[in-house]
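> Input: one structure, supplied below.
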Amino acid sequence: LVVFCLTFQLACCCGTAACSLCCKCCPKIKQSTSTRFMYALYFILVTIICCVMMSTTVANEMKTHIPFYKQMCKGIQAGEMCEKLVGYSAVYKVCFGMACFFFLFFLLTIKINNSKSCRAYIHNGFWLIKLIVLAAMCSGAFFIPDQDTFLNAWRYVGATGGFLFIAIQLILLVEFAHKWNKNWTAGANHKQVWNGLLALVTLILYSIAVAALVLMALFYTRSEGCMYNKVLIGVNGALCLFVSLVAISPCVQNRQPHSGLLQSGVISCYVMYLTFSALSSKPPETILDENNRNITICVPEFSQGLHRDENLVTGLGTTILFGCILYSCLTSTTRASSEALRGIYATAETEVARCCFCCVPDGDADAEEHIEKRRGQTVVYDEKKGTVYSYAYFHFVFFLASLYVMMTVTHWFHYESAQIEKFFTGTWSIFWIKMVSCWVCVGLYLWTLVAPLCCPTREFSV
């Protein structure tokens, strides 16, 4: 009986309602939500494996506590001490398998309009089989011939995909700022309270940006030295002021009445965040004091004490970082986000002002959908009339996220000395990537403001 029950449950895992195996007390779940959750779970699983592979602490603990460790490594042909399963080359291979997995499903799910087709069933089900395929792809990468050529070529592919993932997030941030202002401006035409909310939020955003600028000037600069920090803080602060003036200039206002300080406030806060993150990621500068001892400068004194507990900082920081990556993946794979990247926006007539404007009310749509009740959780099949999100775009974003994780875990272009324990010690490559991302974000927002002036005969919607 036990064998039969286990076989039945494994068979259900291959169906379209894997999450229905949960207990009956769980609330109902939409098929589109459960599918995205399962793919995100696969992504988290492989990401954790990559972090473990980059950890020298874990590798040393395994050597110490696992009996016959040396014989086991020889048995699986991973080297005398499993050196082929650790380090940046192992992470490259595992992420290669995950990237191929998502790219394969990207090709498989192009132009799926509802969940009734055969390809949609493959996307929404067969979870056990897909887990085996993912494991096989990640494992198979270790048997690619001519490893050196593969790693050198894959490094450039990973860097390109990682930069493209960053660019998509920056484009969606600019789109988010415009959408926010447009939605609340639509409400201001009917109720004056929306004008008050616009002014209040704009004031808060600029207060945060100015406070961040002042604090960075206090803690990341000093009277002698810190020239990099001084120049970059000054340049980024000046860029925020410049885009704010451009946003309210008469020539921009004539072509784009929805342009305002709310968008530039959002961009300014994000620029200040990236500036702070970049300065925190910069390798420390040291000088000799009067006693001929090396002291670290251009960083806050309290951060030096915090970084002494490397395991705590690495564990907490890595969790937050990859949580943000996963959140970026899920939010950037909605249908609204994919349409925004193609320049498709809601018309002003259909805009309804809401405090939580990103959440589209479902109404009673759920009541019209087919609900299947089993012994487990209730699953709402909410995509029979049309897909809630673009399947192909969903997989493409996760494909790029796989490359971004690969490059982030291996410290981008400082891969040979990369360790997860030294994830937040700072490298020049990470510093410049964040700084360039900051300037690209400002450039994208500035282009949305001046594009109608440069191309007056073309229609622009933001």
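Numbers run from 1 along the shown chain.
In case you wondered, yes, glycine gets a Cβ from its N, Cα and C as well.
Okay, so TrEMBL annotates it like this:
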SIGNAL    1-18  signal peptide
TRANSMEM  38-59  transmembrane segment
TRANSMEM  90-112  transmembrane segment
TRANSMEM  124-144  transmembrane segment
TRANSMEM  156-177  transmembrane segment
TRANSMEM  197-219  transmembrane segment
TRANSMEM  231-249  transmembrane segment
TRANSMEM  261-279  transmembrane segment
TRANSMEM  391-413  transmembrane segment
TRANSMEM  433-455  transmembrane segment
> Flag the pair the transmembrane segment (38-59) / the transmembrane segment (433-455) as in contact if three or more Cβ pairs fall under 8 Å (sequence separation 6 or more).
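Contact absent: fewer than 3 Cβ pairs fall under 8 Å.
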> Is the count of Cβ pairs under 8 Å between the transmembrane segment (391-413) and the transmembrane segment (156-177), pairs 6 or more apart in sequence, 3 or more?
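Per Cβ check, the transmembrane segment (391-413) touches the transmembrane segment (156-177).
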> With the transmembrane segment (156-177) as the reference, find which of 90-112, 124-144, 197-219, 261-279, 433-455 contributes the most Cβ pairs under 8 Å.
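Stretch with maximum Cβ contacts: 433-455.
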> Could you tell me whether the transmembrane segment (197-219) and the transmembrane segment (124-144) have 3+ CB pairs under 8 A, leaving out pairs under 6 positions apart?
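In this chain the transmembrane segment (124-144) does not contact the transmembrane segment (197-219) - fewer than 3 Cβ pairs sit under 8 Å.
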> Which residues of the chain, 6 or more past the ends of the transmembrane segment (197-219), have a CB below 8 A from one of its CBs?
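Distant Cβ neighbours of the transmembrane segment (197-219) are 181, 184-185, 188, 229, 233, 237, 240, 260-262, 265-266, 268-269, 271-273, 275-276, 279, 299-300, 355.
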> Taking a Cβ cut-off under 8 Å, which residues six or more beyond the ends of the transmembrane segment (433-455) line up next to it in the same chain?
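Distant contacts of the transmembrane segment (433-455): 166-167, 170-171, 173-174, 177-178, 232, 236, 239-240, 243, 246-247, 251-252, 255-256, 259, 263-264, 267, 270-271, 274-275, 277-278, 281, 412, 462.
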